[in-house]
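The active site annotation in TrEMBL covers Glu209, Cys243. Look at TrEMBL and you will find 20-424 tagged as domain 'Aldehyde dehydrogenase'.
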Amino acid sequence: NPYAGLVSQLRASWLSRKTRPMGYRVAQLEALGHFLDERKQEILEATAADMGKPPFEVELSEILMCKNELHETLNNLSHWMKDKQVDRPLATRLDSAFIRNEPYGVVLIIAPWNYPIHLLVMPLIGAIAAGNCVIVKPSEISKNTERLMAEMLPSYLDKDCFAVVTGGAQETTTLLENKFDYIFYTGSPRVGRIVMTAAAKHLTPVTLELGGKNPCYVSDTCDVPNVARRVAWGRFFNAGQTCIAPDYLLCSLEMQEKLMPALRQAITEFFGPNPQESPDFGRIVGDKQFRRIRALLCSGRVAIGGQTDEAERYIAPTVLVEVQPSDPVMQEEIFGPILPIVVVANMDEAIDFINARERPLVIYAFSSNDKVVNQVLERTSSGGFCGNDTLLHVTLTSLPFGGIGNSGLGMYHGKFTFDTFSHCRGCMKRGMGREFLNASRYPPYTQKKFGIIRATSKVARKDDCTLL
């Protein structure tokens, strides 16, 4: 296996305990911050070359969010690393019992192409903070960013403990044959199953950050222009190539009629009369992805947009109406700048529609009535939830981010990233003396001995009392 030597090298570094001291972790995290600062222009150029990403979107979603994660980690790492003392019953009151966060060992992070800096660096921050050695695998589809990461990142991090591996599906398959102590994968459910199967051969734990069709319910009582702007921003950010973008709208026919002019106005406000000429609207990452998304335009009827340019891999911000649940656009995650609207009679029908499908990465609900938003929250299940806006929940380092069911397994962001890459080791330390206190647990057994153990070891309900 061509990667066996690299994995062995990193494992030797981890076994040497080089990554354990807090000072080492902080130094590597700060070096990662220097990479983001010093290579900012190269990041802007690489993401523009790959996807036509507007600099504003790159600075917000690729750089600022990573810096926020980094600073949150550096601000709290000493606290996160401390042993956590736990409660003890009377029988072990004189002993020490605590949880120690320990690194898993050598971990693998496989990143996708749609946010090629963000979705590689964010988990890397937590993996470093937790004391692991790491191999990162950027996506070969965003080839300019892949080259940047492969050439530049190793010059900032300790090469004995961190490495970048490049290549496509074949190389990734070969890489996965090696034994890792943790695997963090972001991508599609289809490939997620492949990763999980490979991990199972070594009983390796995984985090799978996947995707799905994120529903967005709009009730009949809402501020229509505000809804249109917030939905259009979330759907067309990064040309729709966002795993948490609203994938389709659910609303009444009456609300659809109100939304159409508002959505048209919002798109014009954002990107001008011809979005193809806008510096603020990106492009599809590759020819294969372009053709797949373009084929979805046959669903329903194009009400807004619909223009395409294969030479530029451009697909206009598009809204589809008269969409049926059986249409192709409703059978897969769109991952492009297309917004289908599915008409429902009311909130109950919308909730039934959502619950009849795989649990999504996020559910959005818009209403001026907070009870409606709460009903959607309480009666559905998803990785995350955002009421009366889109995407913004992912910017909070205080909230866990992750899927459920088909949309993923595990979570990260802020302390949740540190926890994901840490093994919680339950520890207990006792003194060698006071052996008389152990007499009641040793044979020969008697009912009296058990009574003593029960009285000193039980966890009582509140307001419950024990008579000795």
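Cβ atoms here come from the backbone N, Cα and C positions, even for glycine.
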Other C-beta atoms that fall within 10 angstroms of the C-beta of Glu209 (active site): 27
Neighbour count (Cβ, 10 Å) for Cys243 (active site): 27
Local confidence of the prediction over the domain 'Aldehyde dehydrogenase' (20-424), expressed as mean pLDDT: 97
Rounded to the nearest Å - Cα separation of Cys243 (active site) and Glu209 (active site): 9
